[in-house]
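Presented below is the structure to which this report refers.
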Amino acid sequence: MEFAELIKTPRVDNVVLHRPFYPAVEGTLCLTGHHLILSSRQDNTEELWLLHSNIDAIDKRFVGSLGTIIIKCKDFRIIQLDIPGMEECLNIASSIEALSTLDSITLMYPFFYRPMFEVIEDGWHSFLPEQEFELYSSATSEWRLSYVNKEFAVCPSYPPIVIVPKSIDDEALRKVATFRHGGRFPVLSYYHQKNGMVIMRSGQPLTGTNGRRCKEDEKLINATLRVGKRGYVIDTRSLNVAQQARAKGGGFEQEAHYPQWRRIHKSIERYHILQESLIKLVEACNDQTHNMDRWLSKLEASNWLTHIKEILTTACLAAQCIDREGASVLIHGTEGTDSTLQVTSLAQIILEPRSRTIRGFEALIEREWLQAGHPFQQRCAQSAYCNTKQKWEAPVFLLFLDCVWQILRQFPCSFEFNENFLIMLFEHAYASQFGTFLGNSESERCKLKLQQKTMSLWSWVNQPSELSKYTNPLFEANNLVIWPSVAPQSLPLWEGIFLRWNRCSKYLDEAYEEMVNIIEYNKELQAKVNILRRQLAELETEDGMQESP
Amino acid sequence: MEHIRTTKILHHHIASVEKLALTTSGCPLVIQCKNFRIVHFIVPRERDCHDIYNSLLQLSKQAKYEDLYAFSYNPKQNDSERLQGWQLIDLAEEYKRMGVPNSHWELSDANREYKICETYPRELYVPWTASKPIIVGSSKFRSKGRFPVLSYYHQDKKAAICRCSQPLSGFSARCMEDEHLLQAISKANPVNRYMYVVDTRPKLNAMANRAAGKGYENEDNYSSIRFQFVGIENIHVMRSSLQKLLEVNGTKGLSVSDFYSGLESSGWLRHIKAIMDAAIFLAKAIMVENASVLVHCSDGWDRTSQVCSLGSLLLDSYYRTIKGFMVLIEKDWISFGHKFSERCGHLDGDPKEVSPVFTQFLECVWHLTEQFPQAFEFNEAFLLQIHEHIHSCQFGNFLGNCQKEREELKLKEKTYSLWPFILEDQKKYLNPLYSSKSHRFIVLEPNTVSFNFKFWRNMYHQFDRTLHPRQSVFNIIMNMNEQNKQLEKDIKDLESKIKQRKNKQTDDILTKELLHSVHPESPTLKTSLCFKEQTLLPVNDSLRTIEGSSPADNRYSEYAEEFSKSEPAVVSLEYGVARMTC
């Protein structure tokens with residue numbers, strides 16, 4: 001298919017762009033296969049360069065022959081284009097609509113994007129499972145790499161290489177896979193070096209209504225327990241939901257068959273409930289006319305912060321089991337691809353200092369989200385403005401990023417990255433020139449040959465010039481476990497994301513710059529003092545040499 | 001060694017004491033403080049608990065001013081130091097700074113003996129065309145005699161913020177002198193002859209007041225006014241609003257939902273926004289229309305003080321400095337008779353007079369500091385410290401309800417002023433990001449879309465450290481700023497020492513050359529390699545470590561229950577499988 005077929009009018013002059021907090025700009029609107037571009041005529045500079053895939057929804061209206069298109073983006077920005085001429089406007093609108101909802105992944109921009117920068121380190125090879133495993137293997141010999149899923153036959157949503165208990169062979173893994181939802185047998189998610197306790201994750205056990213059991217499954221997860229120790233199963237569903245799952249062939253670990261494990265049920269919402277929460281929240285944030293009561297009641301009704309609190313609380317619980325109770329944990333919900341990953345990854349942020357560094361956080365996303373099979377393509381297909389509500393769309397990853405932001409806010413010196421890093425990840429998860437977040441699993445990404453055909457986000461982000469934007473000037477490595485507060489008074493709205501386009505941040509940005517200046521100046525002064533001290537010491541010894549013959 | 005932690009609570013800070021039902025471990029005693037600290041004690045013996053309860057009840061409610069802490073507080077200063085402290089803030093100086101007296105405004109001696117208005121200060125500024133009979137006439141037409149006087153003069157715009165109380169207009173009464181005085185105020189503005197009269201009350205309340213012979217200005221009777229209601233609620237609404245807010249926040253295991261619906265139903269942020277909007281109205285009237293404004297509520301000492309002081313703070317950057325903020329409080333709150341003692345309940349009095357009017361003012365200022373992080377010389381700790389001391393009764397500034405009463409109490413002789421003590425500790429209250437370069441008349445234009453108003457956790461949970469961020473960016477930057485100053489000094493010292501050495505060396509070399517003419521090569525390189533880099537002032541270390549970060553502190557209390565439960569709640573549904581104890 002040619003993009004040209006979809007672009008009915010490639011170019012319109014005298015288009016006026018309206019954005020909040022900016023003066024209106026008149027210019028020429030151009031449509032390309034992947035971008036909507038507006039350049040003002042005076043100096044030929046681009047005022048707007050928008051990926052079609054970032055467009056969530058459009059509205060059009062007409063006053064006489066002047067058409068107006070309101071573009072609502074997946075990053076929550078809303079812009080308005082005034083287009084003279086009804087036909088042009090209709091053509092532009094239908095082109096945008098077609099181009100922003102392309103069916104085929106291979107038509108997406110990452111397959112066409114040619115980087116303008118020199119690739120120093122290919123991000124596709126930055127975080128290989130073997131390397132990650134090496135970090136553990138020095139500390140423990142109880143685990144091994146398994147290639148049982150090499151052809152994606154055992155579990156389509158798992159990567160080819162997973163970490164499993166050493167004492168369990170691949171044959172047993174295959175059996176366990178048949179007993180777990182989506183073939184997601186329990187695998188290692190995190191190893192706590194301090195006490196050797198682990199976090200594992202999986203899909204729900206397929207016990208069904210007659211209480212089916214699987215000896216290999218029991219053996220597998222018991223193999224992770226030290227002698228005389230017990231573990232916790234954290235089910236991210238309420239007991240009720242877990243019980244209902246049995247009717248559909250799912251279920252949960254029954255005490256009788258897993259006597260060394262205690263089950264805790266937590267209720268983390270999924271799917272459309274989260275998507276609706278996001279839609280309501282963004283709607284509330286976008287309406288500047290709300291009076292105080294209405295704003296607060298809308299914020300409350302969105303339930304967004306309730307979800308944040310639930311997720312964080314569950315992650316804290318998992319971390320507490322590991323670090324304080326000295327007990328290993330198995331975490332799952334139904335599929336083990338959404339709330340499970342929120343909990344396992346946040347628990348690591350709390351427990352593991354490395355995951356609070358830029359590289360470590362990238363590795364965490366690679367390991368716990370991309371390779372663990374979070375279906376990004378489905379979840380991030382649409383954002384807060386979509387009209388066609390699909391069951392599989394949900395801001396699971398955004399909720400995770402929000403939770404990380406909450407912890408970052410409470411421990412502002414313990415993270416190597418800043419808020420902008422999280423915002424950038426949010427943007428790229430929804431619309432990107434890079435291939436990293438395409439597809440729903442490793443197997444899909446392999447089939448799409450993303451490594452060969454697209455650029456990795458990490459190749460770009462990890463350039464020194466880019467990294468400097470995302471580096472937290474306050475960072476000082478902190479090797480402790482960090483326990484966030486989950487009280488509602490400690491969990492504010494993430495303004496950097498949700499009010500980003502709704503208020504002028506000039507004063508806040510200036511204040512941030514000033515803060516950076518103070519820190520930079522401090523470093524300069526320290527360096528200078530050191531140089532001077534050395535100089536003085538040299539002079540002193542020189543004098544001493546001269547004085548003593 | 002045993003570590004003993006002591007918690008000190010001023011008796012004056014106690015808002016309420018409550019004895020709860022006896023438990024197995026003892027008798028619980030809950031103390032709620034005016035600075036929003038809540039302390040739970042368990043007293044092992046019920047009789048002791050009862051005794052403590054009774055003593056606290058008595059100690060926290062004093063009958064006489066003379067029993068308050070300020071009268072016995074002794075910071076070991078002599079009389080002249082104390083007097084100097086009181087002279088630190090000089091309101092005559094402040095009016096001079098504003099640019100009055102001038103050709104339009106003059107100092108009136110009408111209230112020199114508190115004869116016209118007991119709750120006003122002695123020194124008042126009025127338009128020079130307002131003669132004494134006009135002032136006297138107007139004061140008789142105004143509630144409590146609080147006639148229109150100058151609060152702030154904007155030198156650049158030549159426009160004024162004036163304040164007064166409601167007129168005794170009833171349904172139809174008029175007063176020529178009052179009308180004349182208002183006209184004099186509008187004429188004192190050479191640019192815009194129209195003046196706004198802002199009634200800060202909700203219209204309904206103002207109308208209801210007419211039945212009691214009070215009310216509001218009739219536009220028809222005053223030649224050049226534009227009348228405007230701004231709808232701030234009265235002290236009773238504010239008191240119960242705060243109470244609701246505190247109740248919600250005191251709930252154990254509070255859910256997000258309950259927090260926000262509680263925040264909403266308390267109405268607290270709505271009230272804060274209303275005050276802010278009113279202040280913005282004032283600032284706009286002066287900046288955009290160049291018009292003077294007269295502000296009143298009922299008696300003109302609560303909402304009027306809030307709006308006048310906040311409006312001036314938006315207009316004049318001086319009030320955003322530490323010293324300027326003190327001046328602002330002294331002027332619009334203390335001198336104009338905000339009834340601190342009654343509003344803060346310093347003495348055992350009518351609980352219906354207590355209201356968090358001043359707290360709201362501080363909160364509005366805090367919201368401004370959040371929106372304009374570089375516009376204020378002071379930080380949040382400064383606001384919290386002031387709030388602490390309006391209730392502490394440790395200093396004389398906030399005792400009494402008006403200047404006349406303060407003079408009668410001889411506060412300046414018997415007590416100390418708070419301000420010099422704050423200035424002494426100034427370092428703690430400086431905003432490290434403050435940009436002082438800004439011009440005096442740079443107006444703050446805050447955004448009052450509802451989402452800008454947030455719950456002020458550090459005020460209402462100041463003592464609940466588990467709710468605070470575990471590392472404070474603010475403190476780190478503040479310390480770094482201090483450290484930078486020290487480093488700058490070090491560099492200067494080092495540079496001058498190096499210079500000295502170098503000079504000495506050249507002298508030495510010269511003399512040596514004279515003596516020996518041959519000089520062996522100096523082994524500097526060798527020694528410099530041995531030099532070790534010194535680590536510098538580890539000022540931030542203690543701040544960066546994480547205080548109070550433990551799961552136990554973090555209210556994941558529900559977990560503890562999870563862990564201690566002997567069996568999961570599911571057991572009964574497990575098809576009769578025997579209970580497993582782990």
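Backbone N, Cα and C define each Cβ position, glycine as well.
Among the features that TrEMBL reports, domain 'Myotubularin phosphatase' is placed at B:85-460.
Annotated substrate binding site per TrEMBL: B:Asn234, B:Ile235, B:Cys297, B:Ser298, B:Asp299, B:Gly300, B:Trp301, B:Asp302, B:Arg303, in sequence order. Cβ neighbour count for B:Cys297 (substrate binding site) (all protein chains, 10 Å cutoff from its Cβ): 27. Look at B:Cys297 (substrate binding site): DSSP puts it in coil.
TrEMBL lists B:Cys297 with the feature active site, phosphocysteine intermediate.
The coiled coil annotation in TrEMBL covers B:477-504. Within the model, the coiled coil (B:477-504) shows a mean pLDDT value of 91, rounded to a whole number.
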Greatest C-beta neighbour count within 10 angstroms, which of the binding-site residues B:Asp299, B:Trp301: B:Trp301
Shell of the substrate site beyond B:Asn234, B:Ile235, B:Cys297, B:Ser298, B:Asp299, B:Gly300, B:Trp301, B:Asp302, B:Arg303, same chain only (C-beta within 8 angstroms of their C-beta centre): B:Ser165, B:Thr200, B:Arg201, B:Thr304
Residues near B:Arg303 (substrate binding site) in space but at least six apart in sequence (CB under 8 A): B:Thr200, B:Arg201, B:Ile232, B:Asn234, B:Ile275, B:Ala278, B:Cys297, B:Val357
Cβ packing number for B:Asn234 (substrate binding site), 10 Å threshold: 17
Maximal Cα-Cα distance (Å) across residues annotated as binding substrate, namely B:Asn234, B:Ile235, B:Cys297, B:Ser298, B:Asp299, B:Gly300, B:Trp301, B:Asp302, B:Arg303: 12
Secondary structure at B:Arg303 (substrate binding site), reduced by DSSP to three states: helix
